[in-house]
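The structure appears right after this line, and notes come after that.
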Amino acid sequence: MSSLIFRKCAHFPKQFYYRKYHCKKLLNDNKYINVPLNRQPLKFSFGLLAKFADGSCTANLGDTSVLVTAVSKAKNSVASFVPLLVDYRQKASAAGRIPTNHLRREIGVTEQEILTSRVIDRSVRPLFPKGFSFETQLSCNLLAVDGIYDPDVVSINAASAALALSDIPWNGPIGAVRVGLVDGKIIINPTRKELSQSCLNLVVAATGHNQVVMLEASANNILQQDFIEALKEGLNEIQIIVKSINNLQKEFGKPKRIFDNILEPSAEIMDSTKLLLKVKIEEILTNYSLNKISRGIEIDVVKQETVEKLKENYPDCDTALLYESANIVVKDIFRNLIMETRKRCDGRDLQDLRDISCDVNLYKPLHGSAVFQRGQTQGIEKKKFMVHYEFPPYATNDIGRSGSFGRRELGHGALVEKSLRPVVPSDFPLTVRLTSEVFESMV
């Protein structure tokens, strides 16, 4: 998409007037709806941009505008999870600027773009139907930013509308708002200036009937009842957004694709798997002397033996389907044991924490250091105030690339920083960098 500003001159060729007329005709393809929120209306438009995508929608709040496209492959993948990729890009042109690097181009992905991508992902991912394993990508392109409203909430709503209008199976729509609290007054979708004065920055995404899908917040020691009241106000506004997207979907949405859940075992296979697994898995999960690694090894051995026996009974069945049936049965047994015995697999009651131990000042050259251990999760902190989180593959006995950070590490570090920043004294004279390195993890 590009735009030019013309000045009317007598010597312009006749072709210009044809182009001008053609553009007007093109804009007539655009369809839009205004959602009357409490303060600033939210506008959805579609039918003009990215028409080849499975679904596309542009959302506007004030003069901040985000285009989201949704594309999904027609061929099923073998993934046992939703292979969803969300890419949010915040280009310099959206603010009317030229990139300041020597190439004058957009280079790499920024930390803010990754964090916004993760917020959008967490908002839409839970609503893909069970067994959906088609590679899907949401591309979120910030077209314009007015410096008044942040584009993250706009992007979530645009993503919801794009998926709803597409033929991609999805159990949405959702809506999203940001909630602030200034001088005891709840503000829906506050401006950046209002947000700088707010003691709460809450982003909430939800479906109809007040069903919350995603929450992300930072706050400056607010009361629990104030947080709950802010959440309720946000949910009330979201219902208006969800209703509007539902109306769009009914009138303009494509029929949803029908897909076969290739990893949904039959009732007969599930019964056979349960018969082979139940006793052995219960014995492992009630053996409180096992730790995470030894317990996992024993469960994997039993699952492998079970799949081999199932292959003999169902030779034409896909091995991946048999493994999926074993995984489902193990999860069900794990959950049922907890509900029946009220004990976890390591012997703790539901209210008991893992053993916690910590030590400080481990390394003298550093301004501060500490090691924290909870059960079999271990991390080290160096206080030398940014928070950088590292999760190397050996922490879970895996093999993988080390050194560079991923989206998960960046997101977890941002959460830690949000929780600690409000209690750092504003007059503290030094710059603080906090690194959190995970050495062992139960997750």
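Counting begins at 1 with the first residue displayed.
Glycine is treated like the rest: Cβ placed from N, Cα and C.
Heads up, TrEMBL stuff is auto-annotated, nobody curated it.
Marked as domain 'Exoribonuclease phosphorolytic' by TrEMBL: 41-169, 172-235, 353-440.
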Legend entry - Per-state residue totals over the domain 'Exoribonuclease phosphorolytic' (41-169) - DSSP helix, strand, coil: 36 helix, 42 strand, 51 coil
Inset, instruction - Pop the mean pLDDT for the domain 'Exoribonuclease phosphorolytic' (353-440) in here, whole number is fine. - result: 74
Inset, instruction - Helix, strand, coil: count each for the residues of the domain 'Exoribonuclease phosphorolytic' (172-235), based on DSSP. - result: 20 helix, 27 strand, 17 coil
